[in-house]
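Annotated in TrEMBL:
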type	residues	note
DOMAIN	B:8-87	domain 'Thiamin/hydroxymethyl pyrimidine-binding YkoF putative'
BINDING	B:Leu15, B:Thr47	thiamine binding site
DOMAIN	B:111-189	domain 'Thiamin/hydroxymethyl pyrimidine-binding YkoF putative'
Protein chains: 2
Amino acid sequence: MECGLSPIVGFRFSLYPMADDFVSVIKGALEKTDTSNVWMHTDDVSTVIRGKQIHVFNVAKAIALHAAKTGKHIALSGTFSAGCPGDTAGDVYLNRSEEIANTDATTQYVSSQFALYPMNNPEYMEIIYREVNRAKEQGVFNESMHYASGIHGDIHEVFAFYEKAFSNARSEEHKHLVMTVSMSINSPTHGGL
Amino acid sequence: MECGLSPIVGFRFSLYPMADDFVSVIKGALEKTDTSNVWMHTDDVSTVIRGKQIHVFNVAKAIALHAAKTGKHIALSGTFSAGCPGDTAGDVYLNRSEEIANTDATTQYVSSQFALYPMNNPEYMEIIYREVNRAKEQGVFNESMHYASGIHGDIHEVFAFYEKAFSNARSEEHKHLVMTVSMSINSPTHGGL
């Protein structure tokens, strides 16, 4: 049994290029991303990465950014998770330093939606409202909607918001946190910033 | 304030055709589906449908099935939700009968993954394990994995399992339930049944 707040964060996601050559877009994005700091496994529906939080978010952003650079309309949809009581301690690279491996700062507009699910926590609605308010303060809030909140802006600001929200919504008392994120890039329906 | 188990079920999802003509695949699937029993709204990232549970699942399945018939590799990813304390009573067609509008029984192999999130419920892990065991008994279980469970088979059996799981995991005491589902159809990596 692990004690304290487990450092293992995971992200199960799918990258969806809306293009006939989707295989090459996916493979290209994965090849251009330095994934050496995370454990990674791909099946026929999705890919999961696990490791320290800083590396999981860094790798997720890099995959989206590299796919975006093809100019194709792509989507990235997935679930960040930490602290699940049913989780195992394996399949994770926790001996890595805090130094991120992907540092490409290219700007890229992203329109996205997210939902926070702090598990087994009677105060969970307050946590959700607090993070949505923080999005408004930081200028990345797009719109309210049923079951999610719209977050948009430059990919680096959007991912920074999500990583902070994920940190803020976990606690020693309430370890199990889930956050769904769905993002759309290079969509013909985007007006942009 | 609503009392009792609210009949409003919602599904926020995105349909992702991995094809250059993704716009026509999406529009075609929506046009071929009878959505008259649900409230529906589409934005630049996703679509949300709301209504009685039977109609929400029926419409979701019909959209996936119609998109699958193009023969293109498509994915459907989204979140079913009910009983959220922050939900509103509007944007829903509850005056519809129980008669489903989409009855196409064409078989179609689907590989998918799901996760159940019964909110604010100390017994939530037991509920999850119970539904995963039910999948094994019903022959739609594919594999275990981090953060989700693999469910596959014919689209009608897969959706029937999901609708039952969604019913089973809600209760009068624990109204708020979230279920994420991600499915892949016509994938070049599928071996099929």
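Along the chain as shown, residues are numbered 1 onward.
Quick reminder: no glycine exception, Cβ is built from N, Cα and C everywhere.
Sorting the domain 'Thiamin/hydroxymethyl pyrimidine-binding YkoF putative' (B:8-87) by DSSP state (H, G, I as helix; E, B as strand; all else coil) yields 27 helix, 27 strand, 26 coil. Across the domain 'Thiamin/hydroxymethyl pyrimidine-binding YkoF putative' (B:111-189), DSSP helix (H, G, I), strand (E, B) and coil residues number 29 helix, 29 strand, 21 coil. Within the model, the domain 'Thiamin/hydroxymethyl pyrimidine-binding YkoF putative' (B:8-87) carries an average pLDDT of 96. Here the Cβ of B:Leu15 (thiamine binding site) has 22 other Cβ atoms within 10 Å, regardless of which shown protein chain they belong to.
Close to B:Thr47 (thiamine binding site) in the fold, though at least 6 residues off in sequence, lie B:Arg12, B:Phe13, B:Ser14, B:Leu15, B:Met40, B:His41, each with a CB less than 8 Å from its CB.
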